[in-house]
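J.: Quick one: the structure is below, questions incoming.
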Amino acid sequence: ARDGYIVHDGTNCKYSCEFGSEYKYCGPLCEKKKAKTGYCYLFACWCIEVPDEVRVWGEDGFMCWS
């Protein structure tokens, strides 16, 4: 497991979020992806302890594509 920005399935696009909604939105979203938890960091959802089988941003480059 590792920490990172989760991406939308089939894309390399991060989940955007608003500052101030740190845990309300990203926490449950990260948990759905089987991570321990997560929060909003630099306007995207950063997840803690993401399982190795779940892709995170940067593994397939840094451009958003769909």
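Backbone N, Cα and C atoms are what each Cβ position is placed from, and that goes for glycine too.
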J.: In Swiss-Prot, Cys45 is paired in a disulfide bond with which of Cys26, Cys64?
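T.: According to the record, the bonded cysteine is Cys26.
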J.: With the disulphide bonds as Swiss-Prot has them, who is the partner of Cys47, out of Cys30, Cys40?
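T.: Going by Swiss-Prot, Cys47 is disulfide-bonded to Cys30.
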J.: Per Swiss-Prot, which of Cys17, Cys64 is disulfide-bonded to Cys40?
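T.: Its disulfide partner, as Swiss-Prot records it, is Cys17.
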J.: Checking the disulfide-bonded residues Cys13, Cys17, Cys30, Cys64, which are within 10 Å of Cys45 (disulfide bond) at the Cα level?
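T.: Among Cys13, Cys17, Cys30, Cys64, the ones whose Cα sits within 10 Å of that of Cys45 (disulfide bond) are Cys17, Cys30.
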J.: Disulfide-bonded residues Cys13, Cys47, Cys64: which have a Cα within 10 Å of Cys26 (disulfide bond)?
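T.: So the list is Cys47.
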J.: What does DSSP assign Cys64 (disulfide bond), in three states?
T.: coil
J.: Using only C-alpha positions, which one of Cys13, Cys17, Cys40, Cys64 is spatially nearest Cys47 (disulfide bond)? These are the disulfide-bonded residues in the record.
T.: Cys40
J.: Return the count of C-beta atoms lying within 10 angstroms of the C-beta of Cys64 (disulfide bond), excluding that atom itself.
T.: 12
